[in-house]
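Peer 1: Just passing along the structure, written as structure tokens.
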């Protein structure tokens, strides 16, 4: 290929795939430059390498550049000569990093990876136990390699005595047995993989036992993988060992005169010593025992070289630590993969402290002159030479050191339009590195624009940042067009602006837009903005005065439903007028006190209406305005501004009374200790909430002697500038309840606040929480980082690869409720998705959205306005793209608001979006200092609309007071309107007391039912007398003597066949009903007591209490993504149908039978101690929980299918994040879940050659079936050469038949092939990442040894489709600008476009970057893309 054809980068790296396989002995010799015969390294007197030693110059190349060992040839002129005296080739000393040597072994050894790493490949292949194999390899036992005519078995182990006895019995030469690696090699040589594979398949079809099947499949896998590769099994036994280049295992002379050496040299030295000794012994014809011992030691020393940690006794170094072997070099965080290949460092960068740069524009940063001078050095030198200030590089450098005047002028020129990258560690998401245009500043600190801080998560309390300089023109263009801070206005995780004002800016904007009564000039009317400005400047009106204003003709008032009219007269304040003057033309008039949320909203609005440029200007203006106004306001706060409400004491007294009341009730035995504890916590929580509410309103309406007063503390908190209600409550209200480190809540609250000061006791009880907060932070950061790493690894190769995969599947998205409140509206949950079907307005018949069209925020609002609850959209979880995802299934790129582009690395973005808040949230605990924010428990349901009551699936009994008590678990109250349509439905918990009857008319706000929030009652359904059964003290029940002197019976965790229950009998003693008692239930009746329906027999505590923060959340997220089975799982119904609970037990478990309408019966075994959620006669749906406990995602997948488990996992993840008020778009979770469900397990192989029970990628599986459909199975061969049952391609079949018929023979008959069937597997992310199709990616993640062993045996080929493999090999990643389409496209310029460009007035930016169009968008180019893989 001529130079002209190659593109601008080196084609040497342009290989498309990487293959790994076993090295043949001749390969190892071919790599080598000579045999290492001596264990010596270097001569301690001359410090020159010893000949034929481990550092020999003849083998590995010269120590000094262009100089042979003896010094006969010196200098470049002898390049390539081989010295006749010392045999060294004259060349560069760099070759000592490349040239390898070898060691010829006197006896073969087995590679430790193949027999010691579990599962043992050799053991599997030979069907031997690993322990037996080790006995043979380490010369303890003989193995029979050929029994000939004797009674011995093949592969039978014989001890020394047995071997001797057998030889005497059968005579020498009558059978063959051997030990050591030679024996293993003999056995491997005798394997015929093809027949073995057929035999195994036959055995597999015949066997019935599950374990046998598993073993056979494992063995078959290895046999087939070796058979299909070019490997021979005997290559696992080595004759020759490669020696790695000496500069990769250096020996360094220290100042003290000692040598520091790599551990590998010691390991090689042991091998060479033992090998040479073995040679001598063989030559001397030493006794067998001695030779055998030497061979064993050789095997052990080779094992230590390859993998020292797997040896029985690892070789120890000087300080009693195991030496680092070759395996340790590549695995783990410090190994080759993660330290050197994935963790490369930039060789020239600067770092310094950051300070705020309020005068910078959004795309700028301030760079200290020192840093700029150093970073831009080569560019400056080039310019100095061009301008003739310096002749040589050396003189130019001198000028730089002297800091001459010309240098500064040139520096100014060089930095224009040459962006720099700023990075702040930890870089948790892509906003951690952004590009800026540098401006030179004095001093040593980097100046950073305040608005980009949120993306970097930076503050100015001493944070440091690193500066990098993109060098090539491509890198500069990328930095400019893609990474510029102006392109990162919106967060890719949720599409909200990440560059929204905070702190002082918010405070300034809020202060200027606040209105106050009784100010100077109240009630004046103005016709234009200018008049208001004039009046304000003259002091006729104040900033907060209430005035009237006529809006300009082009502006309307901002309202939620966009109904304002243009040019209306509005009530506002001069401050708000000033704020709105700052907004660009085309925006509505925001007539409200601007809190941080409103400011963020205004930025989103601006972007949607006026585009990116206007938004950037708005951000800069908003910052200037905010800073200016907050300075002018002169806000600060004093202790007096922390207003404690006067009602505080009264609330505390009430709470204390309440606590006393509960204590008395407890003493009289009316409630359990647990109940009392919960009620006490509740009383204090109520008091605290009430005090807080009063405190906030007192601050809001703060009136001081001088009239109205803006309370600065309230202003900061309310505007969202700093400090939450939580913190103010602790300063001015009441600190409230504290948590112990266990998460339990201490029931005596802290009644004081920080302003009043804490007593010693109060201070002591708050140290718990504070300390836990700090400890948590330290521990959880690591966990969160690990989660991010696992997510990134599992999703790294998900890139947008095509426009539309053409799938017809999707997922249902709807409103998300939390309790009764709408947590996510429909518009929010479908925004940015692609609709699966077209949606038509039934009233007007207009198409709101077409099928496969993206739903914009506007369309989403229209769909919601139609009153739909759910719609179907495309999702990455059902995408059919064989690689990555397609644009339609992904939808909108959240950071730009338009359809995602091909080549976008959406997997990494998903991983960052989920992982980044994990780290954030782990760090959030300590700000509040452990004070508990316990939710007040709900204990009733109120209607939110009017309607008529319908009760569904409800079973109830009437108690003594005549109220209905609900018995069922899944009962619902539905409200219907006058047309009978359902408007609301509420799930009713067990044991709730109904306040309404069927058909009642209710109004909004009416109570439908009430319940005790702390316990679930177990109620009697019949009238009768109580008899206890299996309630045995000390075995199934414990008597709790409470402090009040009462005793309580509590059911405890029990083993064996006792099943505690309450039996209700009639007068004759006939049992009417048996009520099973679950663990932790307390019995509320006495033996022999008469009961009536609705009477409480026992109580179960409801799960409440404890503090929920994401520390509980992070492990939960990990648990979901790892698809772990929960500790104490629920049993779910396998089919729809009616429940019957059997009284007899199997193996100590109770049985629930579910009968479907079609008569299918399924038994469900329930471990004892579980609380049943269903009763006999209930109707259940498949997948519904029958007993308490967490659901198992694998069960959901098995019973109710993929969509159900997808929805479940997504919902669970979102619940954790939403409870922390972290918004993450669903699609990020969906991408990860799609990776977890990508593998299938072969159930029945059909006529394919897949292995039943093996796990594979669903697309490979689908392809295998599709290929099979192009074939035909021979049923009757006729006169053809086919045999019955073979599979042949259809074309060949037809052709052969045509030929046979032409000859007058009988054609073959064929039948359709049977496809394979498989079931979807749910894998945890770690497992999914390790099972990646790319062995390079998997090996660099975890379990390196295992992955590489497997890949080498199978001769795997890595196609380099993911990002990680390409990073490791130093290629461009196949995403973004490195994506196939962009790499292969050519740009054709349109003549007219070029002419237009040449006439347009050009900005400085465009001069340097002609690629940038007017709005920072690329200029239009027609690209002829060469398609095709």
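Keep in mind that glycine also has a Cβ here, set from the backbone N, Cα and C atoms.
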Peer 1: Among 1384-1406, 1407-1429, find the range that Swiss-Prot records as region 'Disordered'.
Peer 2: 1407-1429
Peer 1: Going by a 10 angstroms cut-off between Cβ atoms, which of the binding-site residues 459, 461 has the sparsest surroundings?
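Peer 2: Ranked by other Cβ atoms within 10 Å, the binding-site residues 459, 461 bottom out at 461.
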Peer 1: Taking the centroid of the Cβ atoms of 459, 461, 463 as the Mg(2+) site, which other residues of that chain lie with their Cβ within 8 Å of it, listed in sequence order?
Peer 2: 354, 458, 460, 462
Peer 1: Run through the Cβ atoms and count how many others sit within 10 Å of the one on residue 805 (Zn(2+) 2 binding site).
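Peer 2: Looking across every protein chain shown, the total is 18.
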Peer 1: For the recorded Zn(2+) 1 site formed by 68, 70, 83, 86, which further same-chain residues have Cβ atoms within 8 Å of the site's Cβ center?
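Peer 2: Sorted by sequence, the hits are 57, 69, 71, 72, 73, 84, 85, 87, 88.
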Peer 1: Across all protein chains in the structure, which of the binding-site residues 68, 70, 886, 889 has the highest Cβ count within 10 Å?
Peer 2: 889
Peer 1: With an 8 Å cut-off on Cβ distance to the 805, 879, 886, 889 Cβ center, who else from the chain surrounds the Zn(2+) 2 site?
Peer 2: 802, 804, 807, 874, 876, 878, 880, 881, 885, 887, 888, 890
Peer 1: Could you tell me which of these binding-site residues, 83, 86, 879, has the greatest number of Cβ atoms within 10 Å of its own Cβ?
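Peer 2: That would be 879, with the most Cβ atoms nearby.
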Peer 1: Under 8 Å Cβ to Cβ from residue 463 (Mg(2+) binding site), same chain, six or more residues apart: give me those in sequence order, or none if nothing qualifies.
Peer 2: 353, 354, 424
Peer 1: Could you state the whole-number distance in Å separating the C-alpha atoms of residue 886 (Zn(2+) 2 binding site) and residue 70 (Zn(2+) 1 binding site)?
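Peer 2: Cα-Cα distance, residue 886 (Zn(2+) 2 binding site) to residue 70 (Zn(2+) 1 binding site): 65 Å.
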Peer 1: How many Å separate the Cα atoms of residue 70 (Zn(2+) 1 binding site) and residue 805 (Zn(2+) 2 binding site)?
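Peer 2: Cα-Cα distance, residue 70 (Zn(2+) 1 binding site) to residue 805 (Zn(2+) 2 binding site): 68 Å.
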Peer 1: Check the DSSP secondary structure of residue 886 (Zn(2+) 2 binding site), expressed as helix, strand or coil.
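Peer 2: Reduced to three states, the DSSP call for residue 886 (Zn(2+) 2 binding site) is strand.
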Peer 1: Spatially, which candidate from the binding-site residues 68, 86, 459, 461 is nearest to residue 889 (Zn(2+) 2 binding site), comparing Cα atoms?
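Peer 2: Closest recorded candidate to residue 889 (Zn(2+) 2 binding site) by Cα: 459.
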Peer 1: Of all the binding-site residues given, namely 68, 83, 86, 805, 879, which is spatially nearest to residue 461 (Mg(2+) binding site) at the Cα level?
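Peer 2: Closest candidate to residue 461 (Mg(2+) binding site), judged by Cα separation, is 879.
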Peer 1: Please tell me which one of the binding-site residues listed here (459, 805, 879) sits closest to residue 68 (Zn(2+) 1 binding site), measuring Cα to Cα?
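Peer 2: So, spelling it out, the nearest of the binding-site residues is 459.
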